[in-house]
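Features reported for this protein in TrEMBL:
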type	residues	note
BINDING	A:Cys45, A:Cys48, A:His49	heme c 1 binding site
BINDING	A:Cys193, A:Cys196, A:His197	heme c 2 binding site
DOMAIN	A:31-134	domain 'Cytochrome c'
DOMAIN	A:178-287	domain 'Cytochrome c'
DOMAIN	A:322-416	domain 'Cytochrome c'
SIGNAL	A:1-25	signal peptide
TRANSMEM	A:440-465	transmembrane segment
Amino acid sequence: MSLINKLRAALAAAAMVTVAVPAVAQQFPDSVVERGRYLATASDCTACHTNTGGKPMAGGHVISSPVGGIVATNITPSKSFGIGTYTETQFADAVRKGVLPDGTHLFPAMPYTAYAVMTDEDIHALYAYFMQAVTPVDEALTAKTDLPFPLNIRLSMFGWNLLFANAKPFVADPARSAEWNRGRYLVEGAAHCGTCHTPRGIFMQEKTDQPLAGAQVGPWFAPNITKDKTAGIGSWSHDELVTYLKTGRLVGKAQAAGSMGEAITHSFTHMTDADLSAMATYVLDLPASPAGAVAGGTRFDQGKAGNELAGFRGEGFAKGMKGPKEGAQIYSANCASCHGYNAQGTTDAYYPSLFSNSATGGPNAANLVATILFGVDRETGHGHVFMPPFGGQPNAVTSLTNAEVASLSNYVLKTYGNSTLTVTPAEVQTIRIGGPQSDLLLMARVGMGAGAAVALIAALVLLVYGLRRRRPAAPAPTGV
Amino acid sequence: MGGFLQAHFDDENATRRQLSEAKMKLPVSRRRLLIGSAAMAVGYVALSTSPAFPAAPAAAASGEALNAKFMRLSNLLINHRLSPAVGARIAEGAAADHKDMAAMMDQIIAIAEQKQARVVEDFFEDIPAGPAKEFAHWVIFAWYSGVSSPKPDAKVFTFEEALTFQTTSDVVTIPSYGLSGPNLWSQATVPLSQMPRF
Amino acid sequence: MVTKNNAEVVVIGTGVVGVLIAEQLLDAGISVLMLEAGPRVSRAEIVENFRNAPLGLKGDTSVSYPPAPWAPHPTGPTGGAHDYLQLSGPDSYAQTYIRYAGGSTWHWAGTSWRLTPEDMRLKSLYGVGRDWAFDYDTLDPFYTRAEYKLGICGPSNPEQQWPRRARLKPYPMPPLPFSPGETRFTQIVKELGYNNIPVSQARNSGMPYDDRPACCANNNCVPVCPVGAKYDAATALGRLEAKGAKILADAVVYKVETNGQNRIEAVHYLDPNKQSHRVAGKLFVIAANGLETPKLLLMSKDDRNPNGIANRSDQVGRNMMDHPQLTLTVTTKEPFWSGVGPVVNSGIMETSQGAFRSEHAGAYFRYNNFARNRFVTFAALKKGLVGKALDEEIRRMTACTADIVAAHEILPHPDNRLTLSDKTDWLGLPKPSIHYDVGDYVRRSAEVYSLPIGKKIAAAMGATDVKISPKFAQSKHIMGGTIMGADAMNSVVDTDCRSHDHDNLFLPGGGAMASTACGNSTITMAALALRSADAIVSQMKGAH
């Protein structure tokens, strides 16, 4: 580096420091800041805006999507690289309308359609928190959002917003209890449950007539969480739902992984019991949907204990891997140490049984396959739950091929889960690369004339929400 | 496995208990009723938590009859619930080494029936010393150890379902199978007298 | 840069030492080719091999690891290679180790006792053995790094730590809970004045570490951890490849080639088709374990090195060491219950230290925590019991028997020597021949020190019967064959584990250890590996 260049670098660094020093910061009361901190947690801002191993809210996390990487931005109060120059109104427009001060439209990977219900008071608290309690990070992002044409036309979001982004700040329903209203406010707003759990229409908009009825989101399936007794979670008590949100686990029924595991880890487990109770009250009051019902009961009571060990024990591994017992052999060798040779789990139920388990008993096999490939990583006050991934990650203890995962899944489904389902190696590959791929990009390029098509493409971005923290081991096709 | 699961589910919440009752309960008293009955093997499958165990590979009708008789004999010699799938493996191994197995089984079963035996202690002393008694001991050996002999070249019938592990299942894990959640295995010394039900 | 015939650094052996060094080099931007004699086998297969083995063989660790014909390693009587090691002398050096990708950490217990400062100065303090060429403080930072690389759990209470000395950093994870038997044992020996402390061990305690899951107490650390909660080098292989390493399995290195400057120019290996291949590099690391490494050096003798490579001192293959051990199998009246938690989880280390070391060896005592059904079932069945009496006898024998092991240090002796046998293996390569005598230093300890302590402990446990193993058994801690020292005429490697004779040849690992102390050798081998890695990186960077 020449002397001139060194000088330049030093000057630039000095300039950055100067810029970074905030003007006399507006002093918000601690109570408001803390309320904002809580809302930021409830909204799970960190899930996207804090990169793995990175500084809080400094962005840089690449949200993989079937069509390209979207980079979460720096939302620290840095005046040069973050949101330090935003007025409260500009902040509110970004959060609730997806519009930046310069008029740029955000992609709806940012769930502004949900955050739109936030009250002015809560937006104020969030603003106070970000401006006053988040440490400014004066660093440029190394990665840039780079979507292919026409997905890179942010203006296309304008039309989509006209059609679908019509939520207004929350107004309480006086006919309902305060708890119900609080629950609705959180579920539709900060917690943005519908982003994953509500199925989407042809324009990828949430189907408002089928709230929380279940949808595929990337490699994971966000199941029906309506109050339907068989297809939904109507068989759960209110307290059980609160327990699930607090711990990510309901013994003998279900456990959170994937995006839900992250939502539990970063957000729900830190919320107050009162708020979790309010959310449960509202969710369990939504209309029942029969979508995704499984035969002969609920997704929580499929399958039973048992084993096929007598088919290969003592005969040698190679022999066990040939023929009809292959799935049982793979199960024994890779899964049974924790889940038990009868899939009964441990006696303390820490390692769950695989029967009576929504991961194996659901209406499709996506969550079973995704769990095998990506594992489980969930941290709450109740400990760090970690099932290792088997999906070929560089640091994976063991990696299974698509054929092996299919064979294993079919054994588990037949014996312990929804026995009407089967899985092919090609379907495993689909989950491995991040879930069902879309040909919307092609459709969009063909049908560029139609504004609706553009809206369609942009809306596709919504799909990626559930992919937001997926580990880079299963890269999106465009390579993020 | 029913007893094993039942024991731990007793500590769980009501929902979990319901689950266990619906799916996993096989009261020990029921076993007594079934001892000595040819219904035993059928009863195990119907009531157990396991799916229908596959019979021995390509079992001919005679093979199935042999297996049924072997299970009946085994249920007389061992006061615990036994897996027919493991039984089929042991019977297969026994048939290879004991040409007169069918006759010995008939002899032992007849002695038990004559004594109206409910448990092995009711008739075992009455089996005369000789090949039949040795065979009875071998059958017990195979179910408890999961193998045909202590030798390095022994046939392996089962590992996980060898009954030796059931005698200590309240404390000790079957090696290679997890015992509890991370660092949750602290426990006080358990008395010898609390034999697990299995 | 790396091909199957060439890399900047060629590492022979994919065990813990080779893997640790390879990763440091890769992180420094140096290309690495790893050559492994044995096959690359999935964890799934090894786990199922254990379960498929007859109950009578489950105590034989090699039963889960059938050797490949081209890469024989010692096995039990039915493993097909029980005569691979040609043994002679008053004691038997019948070690077991594994020639598979990942090496012998596949079946180690994970025990990670450090040496003490005194352990490294036996000659100065007690007039026996050898001093190390550097002191404990030199090794300390490398121990710490090794503990973080492997993921070692251990106590935070200094009273419970070994050695009793301020640590540079806390252990990365807390200790694991004790089994009922370990708890009772700890209380009993406390009354005798001994502290049974949590072993520092390479096992994920209460949490995942390095993307490996937490220990679930499957009590199967030996012969294989089914879930990878115990560190083994095999868990690193995929990561190394992601970082650019090339790993060739089934590549049996049989010759090290020198050039006119007597530097290492290449190595040659045989594949399973008995075809020979030449691999060139700038620098070579032989980390093939304390037995195969000296064997390879001796096999590679040439005109410039008539005693073998790196053997100007004639010390290659000499000073073969281990931790000779004696087991007391104790039957008690009251139940102890082993088998809850990992197989080795605690130990008494202070009995390894003292002025007595001028006269005899110290010893480390441990309560083995293996589930005991596999050891007692046949004996219970042999009693002819049936029904309730049989159930009760198996339960009693499982709960009321225990193995107390006394592991001794041993002194380096030139006559404890590995040479090349005239018998050959499947590839036609010479089998190793080892002459071994534990020596009076160890025998005297058993007589006047370790067994008396062991018997005192057994009595305090309420033993109704004590069976003592009739001769010293092996601990499979292979040390000394490429011993480290400052004097090139009396040692094989320098303080970086670099060959005195060839400046681009490193021989890190247990072979370099100048004293054994009583604790297991792996964490010291790992620390030496990281020290070597630093030296290799600076040597490679300087060379460019």
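Counting begins at 1 with the first residue displayed.
Here the Cβ of each residue, glycine as well, is placed from N, Cα and C on the backbone.
Annotated features, which come from TrEMBL, shown on the structure.
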| residue | record | contacts (Cβ under 8 Å, 6+ apart) |
| --- | --- | --- |
| A:Cys45 | heme c 1 binding site | A:Met57, A:Ile75 |
| A:His49 | heme c 1 binding site | A:Met57, A:Ala58, A:Gly59, A:His61, A:Ala72, A:Thr73, A:Asn74, A:Ile75 |
| A:Cys193 | heme c 2 binding site | A:Val187, A:Leu212, A:Ile225, A:Val283 |
| A:His197 | heme c 2 binding site | A:Pro211, A:Leu212, A:Ala213, A:Gly214, A:Ala215, A:Ala222, A:Pro223, A:Asn224, A:Ile225 |
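For the domain 'Cytochrome c' (A:178-287), the model's average pLDDT works out to 94. DSSP assigns A:His49 (heme c 1 binding site) to a helical segment in the three-state reduction. The DSSP breakdown of the domain 'Cytochrome c' (A:178-287), given as helix, strand and coil counts, is 48 helix, 12 strand, 50 coil. The record gives A:Cys193, A:Cys196, A:His197 for heme c 2. Within 8 Å of the mean position of their Cβ atoms, the other Cβ atoms in that chain belong to A:His192, A:Gly194, A:Thr195, A:Thr198, A:Leu212, A:Ala215, A:Ala222, A:Ile225. Using the Cβ center of A:Cys45, A:Cys48, A:His49 for heme c 1, the list of other same-chain residues with Cβ within 8 Å runs, in sequence order, A:Asp44, A:Thr46, A:Ala47, A:Thr50, A:Met57, A:Gly59, A:His61, A:Ala72, A:Ile75. Helix, strand and coil content of the domain 'Cytochrome c' (A:31-134), in residues and according to DSSP, is 45 helix, 12 strand, 47 coil. Between the C-alpha atoms of A:Cys48 (heme c 1 binding site) and A:Cys196 (heme c 2 binding site), the distance comes to 15 Å. As a summary of secondary structure, the domain 'Cytochrome c' (A:322-416) carries 44 helix, 10 strand, 41 coil according to DSSP.
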